[in-house]
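The block underneath contains the structure these notes are about, expressed in structure tokens.
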Amino acid sequence: MEHFTWTVAQILEAERRLRTHTEDPEAMMRAAADAVAEAASVMLAPREPVVILAGPGGNGGDGLYAGATLAAGGHPVDALLTAGRAHQSALDAFVAAGGRVISALDRPWEYSLLIDAITGLSARPSLDESLRPLVEDVAELPTLAVDLPSGVEADTGLAGELHITADATITFGGWRRAHVLHPACGTQLLADIRLGQHSLALELEAMSDDGELGDTMMLFASRAVSGEPLPEAFPDEFAVLEPFDVAPVTPGPSSDKYTGGVVGIVAGSAEFPGAAVLSCLGAVNATPGMVRYVGTQAAEVVRAMPEVVAVERLEDCGRVQAWVFGPGSTSEADLRWLLARPEPLLIDATGTTLLASSPTLRDLLVSRSAPTVLTPHDGEFARLHDAVFAGAAGASAGPGTAASAAGAGASRLEETLALAKALRCTVVRKGRVTIIADHTAAGPSTGPATGITDTAATNAGTTGWDYAYAVDAGHSWAATPGSGDVLSGLMGARLALAAAEAPLDIPADEVAAQSVVVHAVAASLAARTPYGNATAPASRIATFVRDATACLT
């Protein structure tokens with residue numbers, strides 16, 4: 001499922017519109033607080049103690065009103081006012097319900113839950129240094145954040161060194177970008193704020209219908225694997241971030257080994273022979289289509305997977321629908337040949353480094369008409385980003401510097417969009433949160449599941465909007481050697497399947513996003529043992545690609 005994310009400006013405008021439907025200035029805050037209290041109740045046993053870190057604004061007011069509800073329900077609730085003051089009506093309600101205001105957190109381990117209500121939507125990255133002792137004191141407490149973990153910026157997901165890390169975060173009306181861009185949110189929960197027949201979600205939908213989003217970028221969010229606390233523990237009216245819908249790979253009655261798409265993998269070397277095997281293993285388990293291998297490790301690949309058709313030279317390879325280049329391969333000549341081909345091309349690992357070192361290869365990439373997908377991790381991304389943007393600035397500069405087209409202090413999202421535009425391709429920036437940006441994306445399907453309407457999508461399509469996807473894996477078990485090689489084969493096989501099904505309309509960004517979800521679920525399954533989670537070696541991740549596909553389709 002595709003979840004649309006909203007900017008701070010959009011949320012604030014929707015809140016302003018909703019506020020016009022009531023004469024009670026506290027109505028929206030109390031409605032939000034009811035949801036906070038309901039979420040907190042799931043994380044608490046009866047009469048367990050709670051501490052609230054309340055800032056001076058509306059976020060702190062949400063927390064204090066929620067604290068009043070919890071106190072009335074029998075929980076001992078303390079509140080520490082981080083700025084020495086608070087939203088007065090909420091504070092009065094909190095004290096009247098039996099809540100206690102404290103001036104210091106002397107015994108933090110005695111609390112069963114922390115409600116983080118320090119900063120709201122307008123907060124900048126990182127908290128004030130004066131709060132460091134307090135943040136460190138509560139670091140081990142189970143934590144429910146209101147709107148966002150304090151110290152995480154809503155629009156960018158940027159967070160400085162000092163921020164709250166939550167077990168769960170509850171927000172209202174619509175997802176913010178940071179809910180998927182920063183893993184400090186924990187389990188992401190979404191509640192609506194209702195005032196009679198009106199609600200915050202309905203106001204956002206109306207803004208979408210009217211073409212009043214006021215931004216030039218749409219980010220769609222997904223979470224591949226749920227964490228603790230499990231989303232199903234919360235009330236049904238709370239929405240959660242879910243995986244993107246994944247296209248099935250089931251063959252039809254007339255299918256054969258070619259109709260599922262043929263992927264050609266150029267990978268491996270004497271230095272990195274395992275990369276060839278892992279990439280092919282990811283592809284073999286991804287779709288029913290044929291896998292062809294080209295490279296020096298042909299014998300090793302066939303020994304591991306006799307179903308792979310392997311040759312040593314590109315000119316000996318048969319027809320394919322999509323290519324994969326880069327895992328362990330260092331041949332610039334091969335990459336040059338592939339960039340001239342009309343089939344979709346995925347470039348991974350060493351391939352991105354070759355692009356970074358060669359303006360000629362980058363020129364060939366930019367001139368391609370077929371879809372091209374780059375899959376760098378952050379280190380590879382930095383090298384390529386430097387090569388593309390530093391020259392224009394006349395000096396070496398890393399991601400997020402003035403040399404970037406995204407501007408100084410740019411976020412991972414902005415940098416990824418900028419590189420995709422510069423190279424006219426799809427960029428899959430890998431990590432715990434993977435960002436997929438495409439300079440030519442038409443955007444995902446519309447409808448209730450996406451949170452954006454047909455009208456808004458039409459408006460966006462005629463005004464040059466950018467689209468991006470972000471996938472929170474929900475874990476970090478894929479942070480292991482060879483994991484990216486598996487993803488390259490998996491994604492390449494799915495690109496080949498898409499090309500076989502619709503050769504003139506290959507949604508490379510959507511295929512990439514779906515592949516990232518499958519890979520994340522496979523890594524989660526690979527880590528499971530009868531005794532709990534353990535390591536997830538890349539070869540084991542590859543073998544669970546089949547299971548992950550079955551789970552998601």
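Just so it is clear, glycine is given a Cβ too, placed from its N, Cα and C backbone atoms.
TrEMBL lists 11-201 with the feature domain 'YjeF N-terminal'.
Among the features that TrEMBL reports, domain 'YjeF C-terminal' is placed at 240-552.
Taking a C-beta cut-off of under 8 Å and a sequence gap of six or more, Asp485 ((6S)-NADPHX binding site) has these contacts in its own chain: Ala267, Gly274, Ala275, Leu278, Ser279, Gly282, Pro327, Gly328, Asp348, Ala349, Ala538. Taken from TrEMBL, the feature (6S)-NADPHX binding site covers Ala275, Gly328, His377, Asp485.
In three-state terms derived from DSSP, Arg432 (AMP binding site) belongs to neither a helical nor a strand segment and is classed as coil. If you look up TrEMBL, you'll see Lys430, Gly431, Arg432, Val433, Thr434, Gly484 marked as AMP binding site.
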Average pLDDT across the domain 'YjeF N-terminal' (11-201), rounded to a whole number: 97
Winner by Cβ contact number (other Cβ atoms within 10 Å) across the binding-site residues Ala275, Val433: Ala275
Cβ packing number for Lys430 (AMP binding site), 10 Å threshold: 24
CB within-chain contacts under 8 A for His377 ((6S)-NADPHX binding site), separation at least 6: Arg429, Lys430, Gly431, Gly484
Local backbone state of Gly328 ((6S)-NADPHX binding site), from DSSP in three classes: coil
